[in-house]
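Reading through the structure tokens given below for one structure.
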Amino acid sequence: MPTVFPDDSVGLVSPQTLHFNEPLELTSGKSLAEYDLVIETYGELNATQSNAVLICHALSGHHHAAGYHSAEDRKPGWWDSCIGPGKPIDTRRFFVVALNNLGGCNGSSGPASINPATGKVYGADFPMVTVEDWVHSQARLADRLGIRQWAAVVGGSLGGMQALQWTISYPERVRHCLCIASAPKLSAQNIAFNEVARQAILSDPEFLGGYFQEQGVIPKRGLKLARMVGHITYLSDDAMGAKFGRVLKTEKLNYDLHSVEFQVESYLRYQGEEFSTRFDANTYLLMTKALDYFDPAAAHGDDLVRTLEGVEADFCLMSFTTDWRFSPARSREIVDALIAAKKNVSYLEIDAPQGHDAFLMPIPRYLQAFSGYMNRISV
């Protein structure tokens, strides 16, 4: 835990909760009569409101993207390596907004929130939300903050999908889109991984149809298994081999079915257990479904070029060689469509052994390229 914060840290930060009374119509046909969004901001909004950057989080992310909530915090925000003074998203130049999306479990309205219509926890009654719904709620957030146009919308993985959707839904409100380790839609394999994770949760006896909070229980077993499956897909074989290999946790093999014998087993169990204590099961179901549903080209005859013909932003896409969850080929699909649509796009494939999680890591070439692009953005 830091006693003095590094010079390149945004330091102590405090979240804000913004309440919205205007009904939000959702893709599903349902609506939210009112809702909260929890945000953090870093840096200062300039007089012309031209330096605002929106950070869109991935599946298990939230509003705490940088800095510390207290001097006792063991770790900073989830993208602290990229946000702060002198970092790629330089808070000396940019006003940075990070939020917890609707359906999340870190303060924004979601399944774990109180339904104002009933006075009870939403649970399974919270409506399905999509990437398009998130972007519409983020546009209202921008209005509330007095931001007419984002200098950049930035995200990795599911966050990159939101950044891409911003350029489609609100082309005039985004100058630059940074879409990192992402894809124009999920592959069948990715949908399959998500379904296995969902089934782990749904089959937990303590899930109780999504109303587990009313009974004072948590489907920890299902959440743990879901996270273990997901975590395997976020790492590359090289990364797992380098980190764990076949190293034993025990002195020798026990030749039974119940011992945790390999270090990699212990690691996955720890990650799953830790996740199950801080994340909401209904939120996990919603987030994975939002991933599955994302397919902006579906409304344009499955033609991604046509889908992107109306965008006005300049684009930067980055992918990582060992990412097999969202492989470089998926980023190149977007790049090729943008080129065919005659849009400005930069692309970098970064040699990194960490797999999908590389977009969260302080990899020198990645940070250098990220900084290089952000420094070109005029504010």
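Even glycines carry a Cβ here, placed using N, Cα and C.
Taken straight from Swiss-Prot:
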ACT_SITE  Ser157  active site, nucleophile
ACT_SITE  Asp323  active site
ACT_SITE  His356  active site
BINDING   Arg227, Asp357  substrate binding site
DOMAIN    51-360  domain 'AB hydrolase-1'
SITE      Arg325  site 'Important for acyl-CoA specificity'
Spatial hits near Ser157 (active site, nucleophile) (Cα distance within 10 Å) out of the recorded positions Arg227, Arg325, His356, Asp357 come to Arg325, His356, Asp357
Rounded Cα distance in angstrom between Asp323 (active site) and His356 (active site) is 4
Whole-Å Cα distance, Arg227 (substrate binding site) to Arg325 (site 'Important for acyl-CoA specificity'), is 15
Row Asp357 (substrate binding site), column other C-beta within 10 angstroms, all chains, value 21
Going by C-beta under 8 A and a gap of 6 or more residues, the same-chain neighbours of Arg325 (site 'Important for acyl-CoA specificity') are Ser157, Asn190, Phe193, Thr233, Tyr234, Gly355, His356
Within 10 angstroms of the C-beta of Ser157 (active site, nucleophile), the count of other C-beta atoms across all shown chains comes to 27
